[in-house]
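J.: One structure, as structure tokens, below. Some questions next.
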Amino acid sequence: MTTLLLSDLHLPASASTLRQDFLRFLQGPARKARAVYLLGDVFEAWIGDEDGLAHYGDEIAALRALSEAGVRVFFQHGNRDFLVGERFAQASGASLLADPSVVEIEGRRTLLTHGDLLCTDDIGYQRWRRFSRNGVVQWLFMRIPGGLKRAIADRLRRGSKSAKTRKSMAIMDVNDTAVSACFLRHGVDRIIHGHTHRPDVHHELIDGRTCERIVLADWREHSREYLEVTREGWKRVDIAAS
């Protein structure tokens, strides 16, 4: 059996080839898996379950069908879709996964995280993250009319893109000390995450153990990649090439 992991699809609310390829993934490779883990930023923006379920009906239905076919589906919040809630979980059949979470993947304890928690050098973003994840802030935001919520989300997205152009690449990547602390705190030797859009694999010696950090790929114009993990190892698969 296999376990499949992917993140940073950034599916838009409008029709797109990204959405078509995600449906192709759910109706194809995912059907042969033991479990599928969606590690955040699956959606470009999610301003609440009511709005999200209305815009992503096909994807929700495909996730539900996958779950009913016996494949376990897990969803972890990203920085774009942290307002995904219980209504999404009930409609899609997915289980919401805390960030970070230690799970057993094909016989190996693995820490899963979206990845933004590891980018501790980006102090401004971490401040925003703490604010936006505050329960009171979210409660207030969910009571704003839908049109205004979308306007706020669009403005925040534009602000985020503008801020990235002024930040160094190093600041927006993971902090090595934060990564080492994460390995030690959770007692694992493998971390899988996304967020940085820098697909790679890193090995480092921590407390006498060789630890592995796998960075998932974002979905790009000519690439639709997911990670396939078996007991024998792992590989990257690009459905755009199939």
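Each Cβ is built from the backbone N, Cα and C atoms, and glycine gets one as well.
Curation plays no part in TrEMBL annotations; they are all automatic predictions.
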J.: The Mn(2+) 1 site in TrEMBL includes Asp8, His10, His197. Which of Asp21, Asp41, Asp173, Asp176 is also listed there?
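T.: Of the residues offered, the record points to Asp41.
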J.: Of all the binding-site residues given, namely Asp8, His10, Asp41, His114, which is spatially nearest to Arg80 (substrate binding site) at the Cα level?
T.: Asp41
J.: Return the single residue from the binding-site residues list (Asp8, Asp41, Asp122) that has the minimum number of other CB atoms within 10 Å.
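T.: With the binding-site residues Asp8, Asp41, Asp122, fewest surrounding Cβ atoms within 10 Å: Asp122.
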J.: Find the average pLDDT over the domain 'Calcineurin-like phosphoesterase' (1-199) in the predicted model and report it.
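T.: When the pLDDT values over the domain 'Calcineurin-like phosphoesterase' (1-199) are averaged, the result is 93.
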J.: Which whole-number value in Å describes the distance between the Cα atoms of His114 (Mn(2+) 2 binding site) and Asp41 (Mn(2+) 1 binding site)?
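T.: The Cα atom of His114 (Mn(2+) 2 binding site) is 8 Å away from the Cα atom of Asp41 (Mn(2+) 1 binding site).
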J.: So around the Mn(2+) 1 site, Asp8, His10, Asp41, His197 aside, which residues have their CB within 8 A of the centroid of those CB atoms?
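T.: Here the nearby residues are Ser7, Leu9, Gly40, Gly78, Arg80, Gly194, His195, Asp218, Trp219.
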